[in-house]
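What TrEMBL records for this protein:
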type: DOMAIN; residues: 20-243; note: domain 'MacB-like periplasmic core'
type: DOMAIN; residues: 288-405; note: domain 'ABC3 transporter permease C-terminal'
type: DOMAIN; residues: 671-784; note: domain 'ABC3 transporter permease C-terminal'
type: TRANSMEM; residues: 21-43; note: transmembrane segment
type: TRANSMEM; residues: 282-304; note: transmembrane segment
type: TRANSMEM; residues: 337-356; note: transmembrane segment
type: TRANSMEM; residues: 376-395; note: transmembrane segment
type: TRANSMEM; residues: 426-445; note: transmembrane segment
type: TRANSMEM; residues: 671-693; note: transmembrane segment
type: TRANSMEM; residues: 720-743; note: transmembrane segment
type: TRANSMEM; residues: 755-777; note: transmembrane segment
Amino acid sequence: MFKSYFKIAWRNLVRNRTYTIINVIGLSMGIASAILIFCFESYHLSFDGFYRDKDRIYRIVSKTSYETDDYSQGIPQPIGKAISNDYPFFDAVAMRISRSDELVSVIKNNDRQKFEEAIAYVAPDYFTIFNLPFVNGTVPSKLSEPNTAILTQSMASKLFGNDNPIGKTFTIANKYTCNVVGLLKDIPVNTDNQQQIYVSYTTFKAVNPWLVSDSSWGAISSNVQCFVKLKKNVKAADVEKAFPGLIEKYAPANKAFFTFYMQPLSEIHFDTRYDGAVQKKYLWALSIVGVFLIITACINFINLSTAQSLTRSKEIGVRKTLGSTRFQVFLQFMRETALIVLIAVVLSVLIAWLAIPAVNHLFSISISRAFLYSPSFIFFGLLLFISVSVFAGYYPGWLLSKFQPVIALKGGIAQKQVGSFSLRKNLLIVQFVIVQVMIIIAIIITQQMRYAVRSDLGFHKEGIVQVTIPKPSPESIQALRNRFAAINGVKNITFYEYPPMSDNSSWNTVAYDNRIKDEVFQLSCKPADSSYLSMFHLQLVAGRNLYPSDTINGYLINETAVKKLGIKHPGDVIGKMLDVHGKGVIMGVVKDFYNESFHTTIDPLCFYNNTGSYHTAGIQLSLKSLKSALPAIEKVWNESFPDHIFSYSFLDKDIAKLYETETTLLQIIEVFAIVAIIIGCMGLFGLVSFIAVRKEKEIGIRKVLGADLRAVLWLFGKEFVQLIVIAFVLAAPLAWLLMHHWLQDFAYHVKIGAPVFAFCLGITAIVVMVTIGYTSLRAATANPVKALRSE
């Protein structure tokens, strides 16, 4: 019986292959988009879910409140020891100091091999909190000793090949030799704790004795973090109540500025105030996009199926005359729908399987194709198959099954029982509301990105190569300056810690002139040499630059810093004392420039000479000599630092990276906007087909009475002009509200103007006209005799 029904359904699909192909393509695009969104969200929502007792694991985070509130995942280093000694809340407490791009070297066959790797300095209790699996099953007791380390299996293979890593040694920063005492199984991809080298916490005492001392309560660094595992029945809120007393006891000078919070492990990946990767609100927004795409694909199916119902009316009449009940006709159409949806789901899974590598590359994530075979995905696929089959097939099936056999066999269905035309128009309006909202969002994000990247930032950024300096000293800096300057194509050179625009900064509490000590000011400090201003075309509005020949400590500040000090005229601060890293004289005032992304306002800045902080060389190159200059720079660098790994970046590219989140969001919107437009056009094609069949005789009569081609085409076009306008009226305020809210994340942003909406309306009109053009033209040029023959 089932085989017979399947054959009948398949035969009907093949007979109407054009509609079948359009339906399959439309559903496949919508379902494939939903599948990829489901994979993306499942990947992110699975983060850190595999740890034992995950509900009791927290990270202590901080907020510093000077002029503004600044959030950090970092905390003062001594807090770990203090809360362990003073409070009974915890089963385990562990500090972690993370370092990225550390130089790691090993000796292989008398050859020294170098790598840049992320390293975490941790105490043994770190592995009590995070139950990462050891190959030998236990945490090595020797991890409490200096110069000991644990590697993952992948890292061990990278450093030592197939040799047993236990007992082997490697060197960090050409100074600290570590002995491998343990081996971890590879860490799952769905965690932010991706370090593959764990070094004993006591080792860091040699790296930075002050930072790991009990006296570093005033320092908050984002790479110094504290993780805790609460005892059973202890609440995070109870721990937070104890933090003010902790600050009062150990850091009373900072009690007005420091606030500590307990951050659940489950929120670390999603809280972008700290180091979270993605906000949950964006995941829910993606879910809504996926639902809308499925709905628009189903709307297409409904529109095409109801339009096609006119051509199947006699088939239904014959079936009912031969004894089929209304329910049997309904079931037959539902079987056809299910078969189409099944084909679409299979194709969608194939599309998703092929697209996963591209998605991983685009978002820098690691979705496994094996997820498509997981129980959760299989359940999602079945739910999707059933939901789409019922949603897309119920109304057309109900419409077909109610045809009266006598009327159907006489051809009277064409004018009497084709369902609600207004319903199909409303569904199409919904589709184009979604399409136009996505188009407007894409336009505004593009405008904001262009504004951020192409605006005058107040400094020069083109053609500047940045090179890391591992060991800055007066001698090495001068030697590098001379050798770089001799390279053909090098126009200027400067050494500094931070470029003009960067997401890294070093804030310091400063004292100005003879003001009272309780008047606290914070400045973002940028150690730089005297060529910094000329390299980046920074302008002085008062005073002069700093020079190597200066015999006293000197500082430059920017206009925002002057305003922050409450002084109206920049010239009034020249010659005044400023205490940053020791007392010095303000020599000049630099014109304001954008020093961070457009998300934040311009910071008060301070510049001063400090050779020991010049960890970056900025080299301005002639674009004509770029290809030859880079290898020459690398050669000089390698000869100067043979024990390190050369790396470089272009300043303009680094600035563009500050907007990676927005760029990725734009790419997502663009992709799904294109999908929505294609699906919407297919729905439009279905509605035009329906109108063409419904108005076949009307068009024939009009042509017989003398209507020309333009009049017949307008008969089609006028209805769709109305639909576009109605959809636009609904989409424009919705898109404005969404983007107005999004733009509030930027301190400097574009204004949403009328051209954005006019451009969207124009694009939509062009797409609609092209889509309906072929079908309406074919209907308008058809022979009217064929249309009127049945009368």
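Any Cβ shown, glycine's included, is placed from N, Cα and C.
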Closest-packing stretch to the transmembrane segment (426-445), where packing means Cβ pairs under 8 Å, from 282-304, 337-356, 376-395, 720-743, 755-777 = 720-743
Within the same chain, the residues 6 or more beyond the ends of the transmembrane segment (21-43) and with Cβ under 8 Å of it are 190, 283, 286-287, 289-291, 293-294, 296-298, 300-301, 304-305, 340-341, 343-345, 347-349, 351-352, 355-356, 359, 363, 365-367, 371-372, 376-377, 380-381, 384, 388, 392, 672, 675, 678-679, 682-683, 685-686
Tertiary contacts of the transmembrane segment (376-395), as residues 6+ beyond its ends and Cβ separation under 8 Å = 27, 31, 34-35, 38-39, 42, 294-295, 297-298, 301-302, 305-306, 333-334, 336-338, 341-342, 344-345, 349, 419
Could you give me the DSSP helix, strand and coil counts for the domain 'ABC3 transporter permease C-terminal' (671-784)?
-> 96 helix, 0 strand, 18 coil
Positions whose Cβ lies under 8 angstroms from the transmembrane segment (720-743), at least six residues beyond its ends | 425, 428-429, 431-437, 440-441, 444-445, 448, 684, 688, 749-750, 752, 757, 760-761, 764-765, 768, 772
Could you please provide the mean pLDDT value for the domain 'ABC3 transporter permease C-terminal' (288-405)?
-> 80
Near the transmembrane segment (282-304), which residues from the same chain, at least 6 beyond its ends, have a CB less than 8 A from one of its CBs?
-> 19, 22-23, 26-27, 29-31, 33-34, 37-38, 40-41, 44-45, 337, 340, 384, 387-388, 391-393, 395-396, 424, 427-428, 430-431, 434, 665, 668, 672, 675-676, 679-680, 682-683, 685-687, 689-690
